[in-house]
Structures are given as structure tokens and as C-alpha cells.
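Reading through the C-alpha cells given below for one structure.
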Amino acid sequence: MERRLGITRGDSSKHKRFDLGLEDVLIPHVDANRGAKNPGVFLIHGPDEHRHREEEERLRNKIRADHEKALEEAKEKLKKSREEIRAEIQTEKNKVVQEMKTKEKKPLPPVPIPNLTGINGGDPESSDIRKKREKIKEMMKHAWDNYRIYGWGHNELRPIARKGHSTNIFGSSQMGATIVDALDTLYIMGLLDEFRDGQKWIEDNLDFSVNSEVSVFEVNIRFIGGLLSAYYLSGEEIFKIKAVQLAEKLLPAFNTPTGIPWAMVNLKSGVGRNWGWASAGSSILAEFGTLHMEFVHLSYLTGDPVYYKKVMHIRKLLQKMDRPNGLYPNYLNPRTGRWGQYHTSVGGLGDSFYEYLLKAWLMSDKTDHEARKMYDDAIEAIEKHLIKKSRGGLTFIGEWKNGHLEKKMGHLACFAGGMFALGADGSRMDKAGHYLELGAEIAHTCHESYDRTALKLGPESFKFDGAVEAVAVRQAEKYYILRPEVIETYWYLWRFTHDPRYRRWGWEAALAIEKYCRVSGGFSGVKDVYSSTPTHDDVQQSFFLAETLKYLYLLFSGDDLLPLDHWVFNTEAHPLPVLHLSNTTLSGNPAVL
Ligand code: DMJ
């Protein structure tokens, strides 16, 4: 005897979903009397024939009742005037909005608070260092106050035009990028009135239900990173709530055939896409590979494993792929899961992917051995194929492009000096001394790139070609946009060695910024570091407040402020606490299994 159990797999749009109180069952949206020859139904034999016939009968009756109800409702609707129908739709809409708001206010589950050692303090040991630290704080106040006056709520500030500024990474809305990015710097500097002012703006204005297409990477590192950091430092719940709301909006970006996220996502529609210029619609290593820290914290704080799963899926996929010469190319197609152009860089397009492998390990209290192994493998390949010494003895990191090594290093790649130093402890075959030395050599090279300019500020990228060493050649590479990477490296090297040269170099950079980038309306980038009469680009980047000034402040603070065995800085310099979990499946949080 035959009986019908269910339907064959296929296009679910051809079926109606009914909640039967037991489980969601897909019912063919066709004549329920179709017989055994119905191609949408598969047949099996079995003993519980009677029970299943009853169940089938119940289903038919439910379908019939639902259809009749829908018909009645439609008839009723037709009797109503347009106005009445409009009013009903409006009431329904209001209900949905209200429900969403209630959901937004839902408290998140309690989790064990990580060790928050060192959120204050760092008093300098001498009056000279204290004065320097005070100067950096004053620079922060100048940057913030002018943004407060002329750019409040805008993403960034135009310090010369004295108005708001934005770029396409933040979309078309005013999302207050500078406020969110600057919060933790304000907090650690003790600028608490300014911090509260920023908090108030976030409470009243920061809204993610906007029809705006943003960069997933930038929003993650600046907004989610900034909000999480502000939450951990201040304990104010609002920051955690906003971070989670925003993260939910980013999740649709992962809806690709491979789970490798799109570079951009529309916060309202959830539609994602990639940058047109990125190797035939590829996603970028430094973008999809720089989500791990924030997403692990999101799962930790919410008890929802969804974020953790997304980033672990990326890691697993990368582990399975072949790597030319052991190097990760910068481009990966999210549709096919294949590498795009074979271009490898520790600067732009690649940089923070390597940083996050190391930091995933550090952030897990050094229990995420998988991440550490990926980091060790990657830097061994980088050292073998990309790191060279110039004729004049400067160590630099080149880029692999079109089958050969380009002897060019970007300002962005200068962060790697700090990364090598940070990763020295725990390195394979106990090569700690070697990696600390490598970090120091990179710091030296990057300092040279600053020292060989008229302004004592580094160019965007510099060459090592014949007689040219650590100098930009093309006009388009001579600008400095208030970037932090070189100062970041000085700070890490200072923490690990206490060699006074790093404070000296950091102070040189601070004075140069003060002299050439400070204007009465804030701080601006400069277009040519080789010209002694610089032209300003009229942009005060949000990372100047988040990173450059924070690293300078820390450089002139004691090591007890944000100690590195308790805090790990995300790539936008937002400190996140080490999670003392027994393993990387977040078992420390009972809410996450
Ligand atoms: C910052 O937004 C981050 O440091 C990022 O990782 C790379 N570039 C900028 C600053 O230069």
C-alpha cells in the first residue's frame, strides 16, 4: 500500500507555508486531491497508514479553512473605502515599528565581565613625559572641539571649509563616524564631558535603519569596534545595544554563495555588492578577514553564535584553499570561491587580515591555536617572499604582483613592525628575539620614510629602487592623511623594549603634525610631504582621533594603562578585553554553546 508523506524538494515559492502548531510543513500549493502520480509528491510504504491518513485529512481541512478565511477577509476589505484601507495599513505599519522598537530595547543576556584592568592611570614617570602627554591631549581637544562646532553628526570634518565631510565608505547618511571612533580615546584621556556629549548624540541620533550603502569592513572596525570598546570602558549599555543593532544590519552581507561577505551592504535593504575595481567583483582579504575580533565579542555579549559562525566559516574556507607560495592573494571571488588576481600585500588590501590572525589568538587568552598557526604560516611565507633588505640596509616589505616582487612599501604596511613585535612571544621555535628585531627594523625603515621628507611626515607609499630608498617617486604617493601606522609601531616597540628612540620618534611625528597639519579649524592631511610649503587636503580623518592621537597618548603613558596582556586593540585602535575562555567555542558564556 502506498501513502503520501511529503513533497519533493524544489522551488519553495510554489508552496504555501502553514503553521500547524507542530512544525512548519511545506504544502504543495495545488489541488490536494492529486493522486499518487502527482510529481510533487513522493510515495513510500509503511505500517502507520491510518495515522497518516488522518493527518492528511487534518491538513486538507486546515487548508480549506484558511482559504475560506482569506476569501471572507478579502470580501470584507472590498466593502471598505480607500481611506479606511489606508488607515488599516498605517495601523499595521505602526504596530510593526512598535514591535521592532520593543525588540531593540530587549536586554541582552548577562555574561561574565572580562578582566578590565588598566582603564585608567598610566601616569607618566617624569614631568617631561607628562608635558608631552598633556600636549597630545590638547591636540585631541582641538580636533574634537572643532568637529563639535563645525561637523557635529557628520562623519568627518573639513577643518578649513569648517563643515562636515563624508566619503562613500560611510554611505550617504550622517552617522557621526568621528563621534563613535573617538569615544574611547576621549575616555582614556579623561575627557569625560566630551565623552558624555558623544554618548548623548549616539543615544538620540545614531540610527541604522537608513537607506544607505556602507562598507562592511569600515563600519565593523570603526563603529562596531568603537561602540564595543566604549561599552567595555564605560560600562554604558547603550553602546552594546547599538553595536548589536548595527551588527544585525551587516549580516545580510554574508548571503553570498560562499559565505564570503560582500564589501558593501545597504543597511535598509540588505542588498550587498562588491567594489567595481576589485579584480572582477572580488571581495578583499583585508576586508572580509578583519571581522573576527568584533564578531567574537558580539557572540560573547549576546549569547548568539551567529556572529562567531560567520567568521569561523570564513576561516575554514581560507584554510581549505591553495596558496601560491604559501601567500594569501588579496582578492577572493565570493560567488565562485576562487582567488582573483594574484596580488599579495601586507599593506593595503591585505594588512589587517594578518593582524587579526595574531589578535584572534591573543584575544582568546592564547587558546585559539588554529589562528596562531595560520599567523605563523603566513608570516613565514611573507618573510621568505616579500621581506627584503635594500642596498642601503633598510628592511622593507614589498608586494607580490604579476609574478614579481614590487619594491614598494605603503604607509599602511608600517603597522607590521608593531605586529611582528606583538607576535614575537609565542612564535614557533622560540624565534621571539628574531621577530622583535624584525619589528624594530621595520620601525627604523618607516622612520626613515618620515625623516627623508621636508615635513618629517611619511608619504603614502615609498620605493626601494636603485638609488631611491624609502622615498615616494610619483606625485600621487606623496601625501600624508594623518595616518597612524608608523606611530602605532613606535608604541608597540616602546612597550616591548622601552628603547627611548621610539618616544623620540613619536614626539618628532607629533611636532610635525602640530606644525604642518594643525589649522585653526582642526587638523588636516597634506598633499606633498616633500614640499616645505604644504597644501592641505582639508579632511580630518576619523582615524586621527581613534588611532593616531590614541597611540601617541599611550606612547607617553605608563604601561599600566591598557596593558597588553589584558587588552587587544582592533585594527582601528579600539581596545577589546581578552576573553578568558577555555576554548574558542565561547564556552565561557553559558548562553553560547
Ligand atoms: C584605519 O582605518 C585602520 O587602521 C585600517 O586597518 C587601515 N587604515 C586606516 C588608517 O590608516
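Glycine too: its Cβ is placed from the backbone N, Cα and C atoms.
According to TrEMBL, the feature region 'Disordered' maps to residues 97-128, out of the candidate ranges 33-64, 97-128. Counting only the Cα atoms, the space from Thr571 (Ca(2+) binding site) to Cys414 (disulfide bond) is about 13 angstrom. Close to Cys414 (disulfide bond) in the fold, though at least 6 residues off in sequence, lie Ile442, Ala443, Thr445, Cys446, Ser449, Gly458, Glu485, Val486, Glu488, Thr489, each with a CB less than 8 Å from its CB.
According to its DSSP assignment, Cys414 (disulfide bond) is helical. Under the three-state DSSP scheme, Cys446 (disulfide bond) falls in the helix class. One residue stands out among the recorded positions Cys446, Thr571 for having the most other Cβ atoms within 10 Å of its Cβ: Cys446.
When the recorded positions Cys414, Cys446, Thr571 are checked against ligand 1, Thr571 have a Cβ within less than 6 Å of one of its atoms.
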